[in-house]
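Noted in TrEMBL for the protein shown:
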type: BINDING; residues: A:D95, A:H204; note: Mn(2+) 1 binding site
type: BINDING; residues: A:203-207, A:329-330, A:378-381, A:S385, A:404-407, A:K480; note: GMP binding site
type: BINDING; residues: A:H235, A:H329; note: Mn(2+) 2 binding site
type: ACT_SITE; residues: A:H404; note: active site, GMP-histidine intermediate
Amino acid sequence: MPVKIEQIDACRWRIPREGAMRTEGLVFADQAMIEVLQKEQALEQVRNVATLPGIVGRSIAMPDIHWGYGFPIGGVAAFDPDDGGVVSPGGVGYDINCGVRLLRSELEVSEVRPRLKELADALFRNVPSGVGSHRRDLKLSVQEECKVLKEGAHWAVRNGFGRAEDLEHIEERGTLPDAEPELVSDRALERGRNQLGTLGGGNHFLEVQVVEEIHDEQAAAVLGLFAGQVTVSIHTGSRGLGYQVCDDSIRTMLRAAAKYGIHLPDRQLCCAPLTSPEGKQYLAAMAGAANFAFANRQLITHWVRETFEQVLGKGPAQLRMGLIYDVCHNIAKWEQHEVQGQKRRLCVHRKGATRAFPPHHPDTPALYRAIGQPVLIPGDMGRYSYVLVGTPEAFDETFGSTCHGAGRVLSRHAAKKQARGHNTETELAARGILVRAANRATVAEEISEAYKDVKDVVNIVAQAGIGRIVARLRPLAVIKG
DNA sequence: ATGTAC
């Protein structure tokens with residue numbers, strides 16, 4: 001049965017409160033997207049989230065929403081601990097702190113093109129990719145791994161991977177507080193030991209890009225972006241460790257939901273009150289996995305810089321590969337938000353949604369205070385990605401959140417079927433995009449046609465005012481899992 | 001997303 005939905009304006013839709021819903025749903029989309037969504041499960045998931053105890057504001061869906069485990073991917077939901085609010089592993093996702101970071105450079109595309117093949121090969125060699133990828137040169141002791149879980153990107157910088165100033169340009173400065181590695185299972189720790197500094201599979205990637213369009217000159221200048229410039233994007237998360245933390249937590253949360261008498265329209269929404277031991281334990285284990293992901297992206301950054309230096313024969317001062325920003329899109333976090341004129345400390349779940357804090361927010365890096373927090377939106381490997389900044393409207397309407405990517409339109413299976421008879425790598429190479437992949441099947445699953453055009457997604461968030469477009473980046477070389 | 005089920 002289709003979910004009842006009412007149009008608010010050109011890019012906003014309301015799912016009215018009914019049945020067990022404690023609040024209404026708010027979906028950012030255009031007419032065409034809603035028509036597609038009516039045939040899928042995702043809107044029902046928005047409605048299910050609205051039934052959870054202690055939800056504050058609305059159950060929110062971004063234009064890249066699609067079906068996920070319990071909560072939709074592309075969803076935002078905030079909960080109040082003082083009103084029975086809950087935390088749910090399904091509201092974060094299996095890849096805890098999956099996120100994106102963007103490195104700038106002082107290079108023009110013309111300088112890199114002649115060495116692009118060499119660069120792609122070297123990056124592919126130096127950053128392990130693919131499901132199950134690991135590093136032969138770095139297997140941590142469990143004791144050291146626990147330090148990674150406590151310290152996140154700080155651990156990486158302290159051990160010579162990257163620069164102190166990188167930390168200023170990471171969400172939460174690259175470390176979630178209150179991580180408790182003791183709450184992470186032996187199995188999760190074992191899975192993570194040799195996976196730090198690896199890309200993984202699926203839609204994760206490492207991309208050399210060129211800035212092809214500047215939409216906001218002033219903001220671009222503040223971020224250090226210019227047309228024709230080479231940038232690097234890294235999209236990955238907490239690998240097998242985060243997966244295992246989520247999987248372990250789901251078992252606990254199913255028991256907890258029953259124990260605390262929480263009605264679940266879908267077992268995959270299993271959760272526990274934020275004030276309960278189970279809720280606190282999940283958040284502490286999740287923070288450890290999130291810190292692993294921050295460290296992961298920081299290590300990869302170090303090897304990307306090293307690779308550029310080696311291949312192009314230039315030093316750090318010439319390349320100036322500074323970190324523009326690193327932002328999470330699968331996480332639950334304590335944040336201060338104003339609700340009906342009152343400041344409240346809420347647990348904001350963003351699952352396939354990106355934090356987009358406004359100008360002058362204290363958590364926006366000092367250098368970017370005037371323009372807002374950078375928001376990194378990857379598209380598909382054949383088209384482009386976007387850089388946005390957060391807005392006051394996002395802070396008011398979506399707990400400071402916006403979309404996270406293009407959003408799939410074809411299942412992995414359907415994409416593979418469509419790619420049959422095509423040589424995707426050759427076709428992309430003909431368009432000036434080099435692909436290096438650990439697995440050819442992954443390339444087939446990741447064809448452009450498998451995704452919405454990310455332009456349509458960011459145009460909606462820009463039109464709605466929950467993000468401001470700064471620049472568009474086109475891929476030159478893509479390292480895939 | 002994920003040693004794509006232990």
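The backbone N, Cα and C atoms fix where each Cβ goes, glycine too.
Automated prediction, rather than curation, is the source of TrEMBL annotations.
The least crowded of the binding-site residues A:N203, A:N330, judged by other CB atoms within 10 A of its own CB, is A:N203.
Cβ neighbours of A:H235 (Mn(2+) 2 binding site) (same chain, under 8 Å, six or more residues apart in sequence): A:C98, A:G99, A:V100, A:N203, A:H204, A:F205, A:L206, A:E207, A:P378. Within 10 Å of A:D95 (Mn(2+) 1 binding site), judged by CA to CA distance, lie the following binding-site residues from the set A:N330, A:D380, A:H404: A:N330. In the three-state DSSP scheme, A:D95 (Mn(2+) 1 binding site) falls into the coil class. Around A:D380 (GMP binding site), the same-chain residues at least 6 positions away in sequence with a Cβ under 8 Å from its Cβ are A:A406, A:E446, A:I447, A:S448, A:A450, A:Y451, A:V454. The number of other CB atoms found within 10 A of the CB of A:L206 (GMP binding site), across every protein chain shown, is 27. Other C-beta atoms found within 10 angstroms of the C-beta of A:G407 (GMP binding site) number 22, with every protein chain shown included. When the Cα atoms are compared, A:H404 (GMP binding site) and A:H329 (Mn(2+) 2 binding site) turn out to be 6 Å apart. Look at A:H329 (Mn(2+) 2 binding site): DSSP puts it in coil. Each of the binding-site residues A:D95, A:H404 was scored by how many other Cβ atoms lie within 10 Å of its Cβ, and the smallest score goes to A:D95. When the neighbouring Cβ atoms lying within 10 Å are counted for each of the binding-site residues (A:H204, A:H329), the highest count belongs to A:H329. A coil conformation is recorded for A:H404 (GMP binding site) in the three-state DSSP classification, outside any helix or strand.
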